[in-house]
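For reference, the structure is listed below as C-alpha cells.
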Amino acid sequence: MTTLFISDLHLDPARPAITELFLDFLRTQVPGSDALYILGDLFEAWIGDDTPSTAADAVAEALHAVATTGVPVFFMPGNRDFLVGAAYAQRAGFRILPDPTVIDLYGQPTLLMHGDLLCTDDTAYQAFRAQTRDPAFQAQFLSQPLAARVAFAQQARAASHARQSELKQGDQAQFETVTDVAPAEVDATFVRYGLDRIIHGHTHRPAIHTVQAGGRTCTRVVLGDWYEQGSVLRVDADGLALEQLAL
C-alpha cells in the first residue's frame, strides 16, 4: 500500500488543464491508497467557504468521492488557502491538519508542513503570516462582504507579485535565499521535533535532501508544484519516490 502527498496545485479557473489533471489523478491514482495528504495551496486563492466557485465545487465532489471509498484525505492549509474552513472540509470529505503535524508513516515519525514556516529569511512574509493566521484577524476578514474580501485578495496578490518581480530583478542569490528554506531553521526544526524526516511543499523546488541535524542523518522531502505538470510523492514501507504527472 502507498500513501500519497501533494501540494501547491494552485487550482485556478484560469488554468483549467491543471484542474482536470488533478481530477483525473483523484479518479485513477488515489483509489486503493492508504491515504492522501494535501500539504497546502490546493487553491490559488481562498477568501471564504461561501465564495461561489464551480471549480471548487467539482474539486469538493471529487475529493468526497475518494473519501467515500475508504481512502482518508487530509488537508493542511497553505499560504494561499489558509481560510479553507470546516464547511468546505465537510463538503470535500477531508480532515484539516494543523501546520505542522507529526504522523507515523510506516513506522517512521514524519513531520508534515506546508513549508513557509521554514522560510524565515523572508521576514516581511513571516510578519504577514503571523497577522493573517491570527483568529481575530480571520474572523474580522470573513465577516466582511464578499466584494470587500475579493478586493483585499486582489490587492494582496498584486503586492505579492510585485515583490516577487522586484526580488527577481535584484540580486539572484538574495532571491534564492529569501524564497527558499533557511538551512538553520530546517536544522532547528529537526532538533526541536527529534525526528529524521520532514515532508513539505511551498518552495516549488521538488527534491529529496539529506542533511545532518542534531548529530543525525535526516531527510527533507520537498514536493513539487502543479504549474507545468503534476507532482506526487509516493511513500510505502519500502521507501519513497517523487514523480511527475504529465499534462
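Heads up, the Cβ atoms here are built off N, Cα and C, so glycines get one too.
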From HIS204, HIS209, the one annotated by Swiss-Prot with ASP8, HIS10, ASP41 for Mn(2+) 1: HIS204
Record-annotated Mn(2+) 2 site (Swiss-Prot): member among HIS161, HIS202 besides ASP41, ASN79, HIS114: HIS202
Least Cβ-crowded entry, counting other Cβ within 10 Å, from the binding-site residues listed as ASN79, GLN174: GLN174
GLN174 (substrate binding site) and ASP41 (Mn(2+) 1 binding site), distance between Cα atoms, whole Å: 24
Distance check against HIS202 (Mn(2+) 2 binding site) for the binding-site residues ASP8, ASP122, GLN174, keeping those with Cα within 10 Å: ASP8
Cα proximity to SER160 (substrate binding site), best match among binding-site residues ASP8, ASN79, HIS204: ASN79
When distances run from the Cα of HIS114 (Mn(2+) 2 binding site) to each of the binding-site residues HIS10, ARG80, ASP122, GLN174, the nearest one: ARG80
Nearest recorded site to HIS10 (Mn(2+) 1 binding site) by CA-CA distance, among binding-site residues ASN79, ARG80, ASP122, GLN174: ARG80
